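A.B. asks: Got these off TrEMBL a minute ago, pasting:
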type: BINDING; residues: Arg79, Arg104, Asp131, Pro132, Met133, Leu134, Ala135, Thr136, Gly137, Gly138, Ser139, Asp200; note: 5-phospho-alpha-D-ribose 1-diphosphate binding site
type: BINDING; residues: Ile194, Gly199, Asp200, Ala201; note: uracil binding site
type: DOMAIN; residues: 5-208; note: domain 'Phosphoribosyltransferase'
Amino acid sequence: MGLHVISHPLVQHKLGLMRVEGISTKGFRELANELGNLLTYEATKDLELETQTITSWSGSQIPVKRIKGKKITVVPILRAGLGMLDGVLQLIPSAKVSVVGLYRNEETLEPVPYYEKFAGNIDERMALVIDPMLATGGSMVATLDMLKEHGCKEIRVLVLVAAPEGVKRVLDAHPDVDIYAAAQDERLNDKGYILPGLGDAGDKIFGTK
Ligand SMILES: O=P(O)(O)OC[C@H]1O[C@H](OP(=O)(O)OP(=O)(O)O)[C@H](O)[C@@H]1O
Ligand SMILES: O=c1cc[nH]c(=O)[nH]1
Ligand SMILES: [Mg+2]
């Protein structure tokens, strides 16, 4: 449990590209999905396998590995979490998607919920929550609260950049959750933005502002 910063060179290289001033919407979007893909690879590396017997190309019966009975729901936090979704679903194409809508009140920095739609049988699924930014942690804690209220028992969080303040807030409230991040940055500024960070990830993914 706790924070896992993914030091893989591809992850660090791609995150560095995302930090460059003036990056295009296209470039930012592509990298957010690529990092979503790589973080998914890391966050699922301990999924349990089972052996099944299949008929192979030559007609012989052979044992193969399958992921053991683990149903997964991917949970993008609107809006910016959608920017990682395609990359995650490339690796887990049959995952159900549960959507949580939250925005940060710019004055209080507290999350304001406006939408939720969870996959069926969510109490039987592992949730992979995706959002590029973990800043104060308010949005993530609210999402984890919602998931647990619906019976979700196993939750992993995938973020591109985390602030130490947000990591602490999430792990204090939900010590049973694992956080996978491409980086833990230095701090928040007085407006709650992560430094050095990425700026406003939602605006960069959607081309707004
Ligand atoms: O950790 P926090 O302090 O809660 O901040 C992080 C949240 O802020 C951003 O969303 P934002 O509110 O900008 O909404 P958007 O995705 O619609 O742009 C980001 O995508 C997170 O959801
Ligand atoms: O740095 C931050 C903090 C919150 N939301 C963002 O998009 N970026
Ligand atoms: Mg935003």
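Using N, Cα and C of the backbone, Cβ positions are placed for all residues, glycine too.
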A.B. asks: Counting only residues 6+ away in sequence within the same chain, which have a CB under 8 Å from the CB of Ala201 (uracil binding site)?
C.D. replies: Ala32, Ala80, Gly83, Pro132, Met133, Leu160
A.B. asks: Given the binding-site residues Ile194, Gly199, Asp200, tell me which ones have a C-alpha lying within 10 Å of the C-alpha of Ala135 (5-phospho-alpha-D-ribose 1-diphosphate binding site).
C.D. replies: Ile194
A.B. asks: Taking 8 Å from the centroid of the Cβ atoms of Ile194, Gly199, Asp200, Ala201 as the cut-off, which other residues in that chain fall inside it around the uracil site?
C.D. replies: Pro132, Met133, Val161, Tyr193, Gly197, Leu198, Gly202, Asp203, Lys204
A.B. asks: Roughly how many Å separate the Cα of Arg79 (5-phospho-alpha-D-ribose 1-diphosphate binding site) from that of Asp200 (uracil binding site), to the nearest whole number?
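C.D. replies: The separation of the Cα atoms works out to 11 Å.
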A.B. asks: Work out how many Å separate Asp131 (5-phospho-alpha-D-ribose 1-diphosphate binding site) and Asp200 (uracil binding site) at their Cα atoms, rounded off.
C.D. replies: 12
A.B. asks: May I ask which of the binding-site residues Ala135, Ile194, Gly199 have a CB within less than 6 Å of any atom of ligand 1, listed in sequence order?
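C.D. replies: By the Cβ criterion, which requires under 6 Å to ligand 1, the hits are Ala135.
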A.B. asks: List those of the binding-site residues Asp131, Met133, Ala135, Ile194, Asp200, Ala201 whose Cβ lies under 6 Å from any atom of ligand 2, in sequence order, or write none if there are none.
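C.D. replies: Only Met133, Ala135, Ile194, Asp200, Ala201 qualify.
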A.B. asks: Taking only C-alpha atoms and a 10 A limit, tell me which of Ile194, Gly199, Asp200 are near Gly137 (5-phospho-alpha-D-ribose 1-diphosphate binding site). These are the binding-site residues.
C.D. replies: none
A.B. asks: Using other CB atoms within 10 angstroms as the count, which residue among the binding-site residues Gly137, Gly199 scores least?
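C.D. replies: Lowest Cβ count within 10 Å among the binding-site residues (Gly137, Gly199) is Gly199.
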A.B. asks: Using the structure shown, find which entry in Asp131, Ala135, Ser139, Ile194, Asp200 (the binding-site residues) has the sparsest Cβ neighbourhood within 10 Å.
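C.D. replies: Asp200, out of the binding-site residues Asp131, Ala135, Ser139, Ile194, Asp200, has the fewest neighbouring Cβ atoms within 10 Å.
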